[in-house]
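Notes follow the structure.
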2 protein chains.
Amino acid sequence: MENIFDDAYFMKKALQEAEMAFEKGEIPVGAVIVIDNRVIARAHNLTEALNDVTAHAEMQAITAAANFLGGKYLKNCTLYVTLEPCQMCAGALYWSQISRVVYGATDEHRGCGVMGTKLHPKTTIEGGCMAEGASTLMKRFFIEKRNLN
Amino acid sequence: MENIFDDAYFMKKALQEAEMAFEKGEIPVGAVIVIDNRVIARAHNLTEALNDVTAHAEMQAITAAANFLGGKYLKNCTLYVTLEPCQMCAGALYWSQISRVVYGATDEHRGCGVMGTKLHPKTTIEGGCMAEGASTLMKRFFIEKRNLN
């Protein structure tokens, strides 16, 4: 039987989170953390609602996943996030020693790739998973925001 | 009249926070955020107590200061932290656009300097403020930890 739990399956969950951020007027980024094909954390960007630059989707997901697991290391976990993590989030992922990071759209200006942020040696990272959905949502957000101002 | 509110004055407050972390068995790092000579946030590392890699002193202080100010940008604020910020914390400071960062001891392995993390162009950073107090506390922590194991 075909395994329905592929990367696209979980990235869709992250995109649903990004849509929730969009509806709240937040920069639309969503994330889920998965272990053994089970979603143990889901979050979306809340920097505006919480007035807090640290409230990125990934940061909240890391905290929630560690809380679920009862330990701070995210061994055997995969983070799915719609946008490439920034320095802060990649730095948090470094400390979490997460096994795998899968992101959607590349952030050419502030992504961890262009910024040169180091991930933990135990972590693999790959981008471009359902990138079009993520970047379409981002573009729509910034077009609507521009039109409102 | 002499101004008692110099960097050493506020770094002592950060060191008091670091001592509180030490007493809890946490890696002893403390931080305060100051605006107009007034401490608006104080925090210490709680990664063990909270089982959360994101619970560094700086992260909590950033969240608390933004909450106090009612806005997410830390303009005209100074962060005093006993240890050089890591990638995650420097990344958070980047987003906060904080005006000034003063740290104590240098983290030669995981500090933002050696890791090459970018701060915001609006931010100045300087190290070595009461560095001996901070690094003595760190050394004591790791010696005691080693002896316990």
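Glycine is no exception: its Cβ is also placed from the backbone N, Cα and C atoms.
TrEMBL entries are annotated by machine, without manual review.
Shown for the domain 'CMP/dCMP-type deaminase' (B:5-114): DSSP residue counts in helix, strand and coil, namely 47 helix, 26 strand, 37 coil. The domain 'CMP/dCMP-type deaminase' feature in TrEMBL is assigned to B:5-114.
Shown in sequence order, B:His56, B:Glu58, B:Met59, B:Val81, B:Cys112 are the residues of the chain, 6+ apart in sequence, with a C-beta less than 8 angstroms from the C-beta of B:Cys89 (Zn(2+) binding site). The annotation Zn(2+) binding site is assigned in TrEMBL to B:His56, B:Cys86, B:Cys89.
Annotation source TrEMBL lists active site, proton donor at B:Glu58.
With respect to Cβ neighbours within 10 Å, the recorded positions B:His56, B:Glu58, B:Cys86 differ, and B:Cys86 shows the lowest count. The average pLDDT computed for the domain 'CMP/dCMP-type deaminase' (B:5-114) is 98.
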